[in-house]
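Novice: This structure is in structure tokens; I'll ask about it shortly.
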Amino acid sequence: MALRTGSPALVVLLAFWVALGPCYLQGTDPGASADAEGPQCPVTCTCSYDDYTDELSVFCSSRNLTQLPDGIPVSTRALWLDGNNLSSIPSAAFQNLSSLDFLNLQGSWLRSLEPQALLGLQNLYHLHLERNLLRSLAAGLFRHTPSLASLSLGNNLLGRLEEGLFRGLSHLWDLNLGWNSLVVLPDTVFQGLGNLHELVLAGNKLTYLQPALLCGLGELRELDLSRNALRSVKANVFIHLPRLQKLYLDRNLITAVAPRAFLGMKALRWLDLSHNRVAGLLEDTFPGLLGLHVLRLAHNAITSLRPRTFKDLHFLEELQLGHNRIRQLGEKTFEGLGQLEVLTLNDNQIHEVKVGAFFGLFNVAVMNLSGNCLRSLPEHVFQGLGRLHSLHLEHSCLGRIRLHTFAGLSGLRRLFLRDNSISSIEEQSLAGLSELLELDLTANQLTHLPRQLFQGLGQLEYLLLSNNQLTMLSEDVLGPLQRAFWLDLSHNRLETPAEGLFSSLGRLRYLNLRNNSLQTFVPQPGLERLWLDANPWDCSCPLKALRDFALQNPGVVPRFVQTVCEGDDCQPVYTYNNITCAGPANVSGLDLRDISETLFVHC
């Protein structure tokens, strides 16, 4: 399905390469035959004959053709005419190609097709007419293609569809009408398409859907109505689609969803209502969606969530509610969502979360609460979320982490707390997070870390503490982090690291100490990258060990790193890692690595 389950252009390209086999002919003799005794290839085209399938493909793509080439072999199975300048297709243009089952006319500046243009194509299976300039199609255009299974009319200028346009296409499986200018569709335009599985109507100007429109599409599996101008979802519109699995209603102007609008859609697995103007959800908005797995409601205007709103969605796995106007999460807001794995509530206006708000979310693995203004979280608010492995609380106005804020999160792997105003973290408030692998406290207001803050975090690998106000770290604060691999302490106010501060970090490979107030430092063995620039280094005897280490390990302490650059116009960006001396006066401004060895002879 276009833009949702795979690009038709990709299918076309793959088919092209499959068609190119050992019998591919091109170049020296444009009129060469497909094989020694086969039919002649048109002069302006290239032909490929597949011995295994006994199929002939004719490639006339992007040849600047203004009319169809002469001499297309009658045995042709696939004909590629895309990327030309054909303008129109005359009557009976393909009448001798009764074996044709694939015809590609996309991107050929077509403005019209004569009513009899497809005469003789009774075995045609795939027809690509997308990316042209078609404004209308004759009512009987497709009566000569009864075998058609896939029809793509996307990205044209169609403003209306004639009654009976698709009559007789009982085998049609995939119909793409997306990205046209359709405002209203006739009630019976899809009548007779009983085998249709995928219907794309995205990118049009539809303002409403009449219940009769989708009658007879009982086999439909996927319906894309995104990027239209729909203002509401009314009851009974989708009642005749019992097998529909995916419904896209995103990027419309929907302000309201009628009660029981999706009743009877037991097969629906994916419902996208994001990027609309929905202001509220009722308790009976989603009844009947017993098989729903994904519900997307992000980028709406929802201000509150009522208890039991999602009570019937027992098999829901993903619920997206980010970028709304939700102010509070009350008790049992998500009751009934026992199978939910992903919950996004980012970028709302949530200022209060009640204890019990997440009751029943036994299987949730990822929760995003970032971009709200929580200020504080009640203790035990996450109790019962033992399977949660990623918790996002970035940019949430948090000022303090209490002792039992994260109680119950025994399975948490990643905790993101960056860009808050955290100035206080209570001792052992992280002690229950024994499975934690990554902790991000970047860009807060921490001035010190409690001695036992990391007690119990023996699995932690990534610790990010940059852009705080740390002036010192006690020598045993990092002791429990024996598996730490990556430590970022940049952009703080650290002066003199305690002796042995990093000695217990035997697996440490990345250490960032740039932009602190360090004057001396003894490097840690085993490091693979060490950042030290923007410190007021005292380049006297205490720094000799660092000088020797930097000179012996230029890959660990590089003078600069060039950022990977992509694109023709991309300018390389260099990150410098200077060890600039602030003193003594005779070496001030020099890089430690450039100072003569003689200055350290008496050290």
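Sequential numbering from 1, following the chain as shown.
Glycine too: its Cβ is placed from the backbone N, Cα and C atoms.
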Novice: Tell me, from C47, C60, which cysteine Swiss-Prot puts in a disulphide with C45.
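Specialist: Partner cysteine, according to Swiss-Prot: C60.
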Novice: Check Swiss-Prot and name the cysteine among C373, C397, C581, C603 that pairs with C539 in a disulfide.
Specialist: C581
Novice: According to Swiss-Prot, C603 takes part in a disulfide bond; indicate which of C541, C565, C570 is its partner.
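Specialist: Here Swiss-Prot pairs C603 in a disulfide with C541.
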Novice: Using other CB atoms within 10 angstroms as the count, which residue among the glycosylation sites N64, N85, N96, N368, N515 scores least?
Specialist: N64
Novice: Counting only residues 6 or more past its boundaries, what in the same chain has a CB within less than 8 Å of a CB in the repeat 'LRR 1' (75-96)?
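Specialist: Same-chain contacts beyond the flanks: 12, 15-16, 19, 39, 55-68, 102-121, 128.
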Novice: For the repeat 'LRR 12' (339-360), what is the mean per-residue pLDDT, to the nearest integer?
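Specialist: Mean pLDDT for the repeat 'LRR 12' (339-360): 97.
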Novice: Measure from the Cα of C541 (disulfide bond) to the Cα of every one of the recorded positions C60, N515, C581, then give the nearest.
Specialist: C581
Novice: Just give me the nearest neighbour of C41 (disulfide bond) among the recorded positions N368, N578, C581, N586, C603, Cα to Cα.
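Specialist: Checking each of N368, N578, C581, N586, C603 against C41 (disulfide bond), the shortest Cα distance is to N368.
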Novice: Take the repeat 'LRR 5' (171-192) and find every residue of the same chain, 6 or more past its ends, with a Cβ under 8 Å from one of its Cβ atoms.
Specialist: 1-3, 8, 130, 146-165, 198-207, 210, 212-217, 224
